């Protein structure tokens, strides 16, 4: 397996420059993973499939969904792509490389875990700041246009927010100067995580059912349903930062009420 990955990587670095791989390659990889993972949730919502796992009963109409896709394409090409191009010299300066040999899985895993922990903490505070009155009204309210989120709404945001919260995603790699393959893996996992958090469905196989510290769709969907001053649940991936700073109390109370209601119903039957 390792030899196959190295052979594929050798082909890439032989036929494309570092700049092409790190900027254009990263952009194409991001777009592919984002839309391939996010579009199926639009189909599920329109077709009414797996509706028993849908967190909210309300559905988005096709016009709202199409508006989201159109805006996303505009923002991705006008903000994300230039940002990836302009950030290339910074990552090179910080030590990013694409040459062989590839890093060991131990190194990759350690860096990815570090990125998730650091991103979640930085995102929490950036997101919480965006919920102050002025910033919410002028910036973050764009993201909250969709009170019933679906996968693609994860990146539907004001350009200023894309830059502001995007810092949380790149600060870890900027510190460690990773191999490009580590950076790509981090980007893929981060995209899949944020799409899942906004998907609007809580399945039996959802990761939050198996990892107690992972927030997932149920945790973040609550954030979208409430008014900006009372929402809480500001973290991107994990739940412990909200718990430490007491910004998940409403969510925990609601979960307890639902649990007690279910238990009470069982006892009556």
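First residue shown is number 1, and so on along the chain.
Each Cβ is built from the backbone N, Cα and C atoms, and glycine gets one as well.
Record note: among 47-66, 107-126, 107-126 is the stretch given as transmembrane segment by TrEMBL.
Checking TrEMBL for transmembrane segment across the ranges 137-161, 162-186 points to 162-186. Below 8 A, the CB atoms of the transmembrane segment (21-43) and the transmembrane segment (162-186) form 3+ pairs separated by six or more positions in the chain.
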